[in-house]
Structures are given as C-alpha cells and as structure tokens.
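Student: Under the heading topological domain 'Cytoplasmic', Swiss-Prot lists 1-42, 112-130, 199-202, citing sequence analysis as support. The region 'Disordered' feature in Swiss-Prot is assigned to 1-30. What Swiss-Prot records for 1-13 is compositional bias 'Polar residues'. The transmembrane segment annotation in Swiss-Prot covers 43-63, 91-111, 131-151, 178-198, and the record cites sequence analysis as its basis. Among the features that Swiss-Prot reports, topological domain 'Extracellular' is placed at 64-90, 152-177, with the record citing sequence analysis.
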Amino acid sequence: MEKSESSTIQIAESSKDRKGKAPLLPPPVHHERAAGYKRGVAIFDLILRISAATAALAATIVMGTTEQTLPFFTQFFQFRASYDDLPTFTFFVIAMAIVTGYLILSVPFSIVCIARPVVAAPRILLILCDTLTVTLATSAAGASAAIVYLAHNGXSDANWLAICQQFNDFCQRVSGAVVAAFVSAVLLIFLVVLSAIVLKKH
C-alpha cells in the first residue's frame, strides 16, 4: 500500500497585513488609570463637600442663635441685640441654611461619582449647582461682613456708632459666623475647580 504524505505550507504575514490588523481586546491600562484618577478626585470632593456642609451648618446655627441683652435697662428701654434686628443677618441665616441643605443633599451624588467615576452626568449637575451655591454663600457672607465691620468700627460720616464695645458677645458670635460662611464659600470654590478638572479629562 502506498501512503501519501501531506505537507503544509505556512505563509508568513507581510508587514502591511500585520499593521492593518488591530488587536481585538486592547489592554485597558489607560482607561483604568483615568478611572482611578477620577475616583481619587471624587473622594477628595466628598471630603471637601462634608467640610463645607459642616462650616455652613455652624455659620447658620451660630448666627441664628445670636442674641445678647445688657444687664442694665431703663424704665422704657431694655438694651438687647439679636440677629433678626438686622435684615442682612436674617438673609444670612436663610441663605446659609439653603447652602447647608444643598451640600447635604449633594453628598449622594458625590458618592455616585466615586462608584462610577467615568459617568459625566452627576459631575455636570454638581458643578452647575455648586456654582449657584457659591454665589449665594459669598453674597450672604459679604453683606454680613460689611455689617460686622460697621458694628466694630461704626461710620462717623453717617453718625453710626460702634456697638461692639457694649455688645461684645454679640459681635464675637456674628464675626465667627461670617468667618465660617467664608470658609464654606472657599471650599465650594475648590469643589467647582475639582469638577472642572475632572470634566476636562473626559
């Protein structure tokens, strides 16, 4: 019996064919690295967000509970100072309460950005709302800072007397509330910058 031998001929691919073919599953190194970077930024965002909420809450509580009554009084007058005597401080309490509420409600969206760092929709929503909240916080803090300055120094041109020599505790508390509001506003600005950096990487 005759046995037929079969031989196989292997043809090497040319360099042009090799260049034209792309790998089916490219290594996802760059994608994983970008996701890890965005997740780290999102964690830092969450920390700043909680810190800003704490500062805004402290500013709201301190200003909203500020009241001082002097130990002496006359037959017709009792010398008392409260935050609601001034419309600017009332606006401050309302504005910072809104800022606090927003920051607390935005925490779940920040957690979503940690869990799914590649998704851009939560980050876009946060940067828009953060920008509006920065405007509200800075307007409340700036207006109240002007009143605090007048309370400490007065205005001789307008014949406004400084009241902090008499209402020392009142002035210390409102000053602390304004400082806390500015801290919250600065942290909100950092949050806007972080969101802008992450969106630029998309």
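Every residue, even glycine, has its Cβ placed from backbone N, Cα and C.
Locate each feature and note its surroundings.
Tutor: For the topological domain 'Cytoplasmic' (112-130), residue counts in helix, strand and coil come to 14 helix, 0 strand, 5 coil, using DSSP.
With helix defined as DSSP H, G or I and strand as E or B, the topological domain 'Extracellular' (152-177) counts 12 helix, 2 strand, 12 coil.
If one looks beyond the transmembrane segment (178-198) by at least 6 residues along the same chain, the residues whose Cβ comes under 8 Å of a Cβ in the stretch are 38, 41-42, 44-45, 48-49, 51-53, 55-56, 58-59, 62, 92, 96, 99, 103, 113, 123, 126-127, 130-131, 133-134, 137-138, 140-141, 144-145, 148.
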Student: What residues elsewhere in the chain lie close to the transmembrane segment (131-151), defined as a C-beta under 8 angstroms and at least 6 residues from its ends?
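Tutor: Here the qualifying positions are 56, 63, 86, 88-89, 91-92, 95-96, 98-99, 102-103, 160, 162-164, 167, 171, 174-175, 177-178, 181-182, 184-185, 188-189, 192.
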Student: Restricting to the same chain and to residues at least six past its boundaries, which positions have a Cβ under 8 Å from a Cβ of the topological domain 'Cytoplasmic' (112-130)?
Tutor: 34-36, 38-39, 41-43, 45-46, 102, 106, 188, 191-192, 195-196, 198-199, 202
